[in-house]
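Enquirer: So that we are looking at the same thing, I have put the structure below in structure tokens.
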């Protein structure tokens, strides 16, 4: 960390950054192959910078659902330009997409939670399973503060369904922490954030949030807040005890 950058951070955030760098390095060393699932939104651009600027051996991929905003897809180019890194993209199986559209309609996800989750499974979960088929661990940019569905998030977990470790290194970071980091390190960010989109998913399923709403209120806004997950993180998860998490950063 440069002196100029260090002075731009509060002591508390500087300590979080130091711990984050140490944790990512240890994750990369601990497992033969690790991948980071990036949505190309703010938290994930933070982790992209932390990984690539330090040369941590963690691969980065994104799920190109076929229905992302142009601004989100543009972040792949910005990462290439800034870091010289090509983010790996995983796409849904076209035959599964075609069957869903033929049976239910292109935008059937508005009709019920079941049809929405089915669409998410085809466009996100199945590609994620392929992306993680050959890894020992994966990393996410999830934070506890984001929504009620993530309030119990642990920094280190065991993804029992896939038989691999799962890390959420930003679990205890606040939104203010994230944006202070992005500003201090001049990290490129999705322009949709400036238009009121703190959480960004597929274009037809994401809207800008209103004052006072939580950061994920714009995702699947027509549903109850308790159902707002796409299935990427809804698997059998075993939290790692807090003392083990603390040890992982040393």
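Including glycine, each Cβ sits where the backbone N, Cα and C put it.
Worth saying up front: this structure is predicted, and the values here are computed from it rather than measured.
So Swiss-Prot says this about it:
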- 230: active site, nucleophile (ACT_SITE)
- 119, 120, 202, 205: [4Fe-4S] cluster binding site (BINDING)
Enquirer: Highest Cβ count within 10 Å among the binding-site residues 119, 202, 205: which residue is it?
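Expert: Counting every other Cβ within 10 Å of each candidate, the maximum falls on 119.
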Enquirer: Would you count the other CB atoms within 10 A of the CB of residue 120 ([4Fe-4S] cluster binding site), including those on all shown protein chains?
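Expert: Excluding its own Cβ, residue 120 ([4Fe-4S] cluster binding site) sees 22 Cβ atoms within 10 Å.
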